[in-house]
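Here's the structure we're looking at; comments come further down.
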Amino acid sequence: MAKTLPFSRALLLSLSILLVARAISAGDIAIYWGQNGGEGTLASTCDTGRYAYVIVSFVTTFGNFRAPVVNLAGHCDPAAGTCTGLSDEIRSCQGKDIKVLMSIGGGAGDYSLVSEADADNFADYLWNNFLGGQSSSRPLGDAVLDGIDFDIELGTTTFYDTLARALSSRSTQAAKVYLTAAPQCPHPDSHLDAALNTGLFDNVWIQFYNNPLAQCQYSSGNTNDILSSWNTWTSSTTAGKIFLGLPAAPEAAGSGYIPPDVLTGQILPQIKTSAKYGGVMLYSKFYDTTYSTTIKDQV
């Protein structure tokens with residue numbers, strides 16, 4: 001006859017299993033910041049306590065050996081040197097154990113890489129102006145950001161793998177360079193496939209929005225497409241963690257918005273079973289008035 005555990009020990013064991021299960025499935029929230037002056041400061045974004053990653057966006061012009069251009073919309077003007085005060089805010093965020101990344105690309109801009117030498121040259125610029133290198137004209141001041149985010153939606157599709165390798169090669173045990181990417185949900189992504197295949201990316205936050213014809217996002221109560229696309233991405237992508245990228249409000253994207261109750265009740269319980277699940281990415285801070293607060297405990 002099998003022995004039974006005393007009630008107190010059985011209860012303790014059950015609680016331990018529950019806590020471990022919750023720890024395994026717990027995810028983070030990443031947010032894009034920088035494209036609307038009405039979204040509040042970088043420091044106030046981090047002060048909310050809702051985000052583990054804040055992605056400063058964007059470097060909108062680069063490649064072909066041109067001088068890169070940083071666009072932070074209504075916040076400040078990097079070209080005029082009025083963004084250097086962000087360094088204190090970046091350090092404040094990092095002091096709260098929040099990773100701050102610089103995003104390159106975006107949905108509007110003028111960028112392409114034309115050769116391996118061009119990619120290496122741009123990697124040097126990113127290293128010297130945002131990461132651990134040195135430059136007399138760092139757009140955001142002397143703070144050292146945690147890494148680079150690839151949000152490549154325009155231009156040529158080549159040499160981003162070279163860029164990823166060049167940036168990754170600068171990582172050390174003392175100072176890691178985090179690499180993240182935001183591919184579109186149609187698989188494989190036309191711009192980032194080669195880069196993602198390097199296996200060098202720590203987080204990949206897939207944009208499950210603005211692709212209404214691709215059958216890879218949520219629409220009108222249908223969760224099948226987004227869940228199928230999630231499974232395709234997680235089974236074929238080598239990355240530290242994979243995030244579900246969503247608009248933070250209906251106005252934040254042309255399509256793909258998921259009501260919070262649908263996300264927490266029908267989608268998150270399914271995708272959190274994946275070992276690669278990392279959490280949710282939201283676009284953007286300006287639109288995130290209530291969404292992250294509503295879903296945070298379930299992410």
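Glycine too: its Cβ is placed from the backbone N, Cα and C atoms.
The transit peptide annotation in Swiss-Prot covers 1-26.
Under the heading domain 'GH18', Swiss-Prot lists 27-299.
Residues annotated as disulfide bond in Swiss-Prot: Cys46-Cys93 (among others). The secondary structure of Cys46 (disulfide bond), as reduced to three states from DSSP, is helical. Over all protein chains present, the Cβ of Cys46 (disulfide bond) has 23 other Cβ atoms lying within 10 Å.
Per Swiss-Prot, disulfide bond is recorded for Cys76-Cys83 (among others). Sequence-distant neighbours of Cys83 (disulfide bond) (same chain, 6+ apart, CB under 8 A from its CB) are Val70, Leu72, His75, Cys76, Asp77, Pro139, Leu140, Gly141.
Here Swiss-Prot flags Glu153 as active site, proton donor. On its own chain, Glu153 (active site, proton donor) has Gly105, Gly106, Gly107, Gln184, His191 as residues at least 6 apart in sequence with a Cβ closer than 8 Å to its own Cβ.
For Cys185 (disulfide bond), the same-chain residues that are 6 or more apart in sequence and have a Cβ closer than 8 Å to its Cβ are Ile206, Gln207, Phe208, Tyr209, Asn211, Ala214, Cys216, Gln217, Ile226, Ser229, Trp233. Marked as disulfide bond by Swiss-Prot on the basis of experimental evidence: Cys185-Cys216 (among others).
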*Which whole number is the mean pLDDT over the domain 'GH18' (27-299)?*
98
*Once the DSSP letters are reduced so that anything not helix or strand counts as coil, what is Cys83 (disulfide bond)?*
coil
*Name the residues of the same chain, 6+ apart in sequence, whose Cβ is under 8 Å from the Cβ of Cys93 (disulfide bond)?*
Leu42, Ala43, Thr45, Cys46, Val54, Val100
_Comparing the disulfide-bonded residues Cys76, Cys216, which residue's C-beta has the most other C-beta atoms within 10 angstroms in this structure?_
Cys216
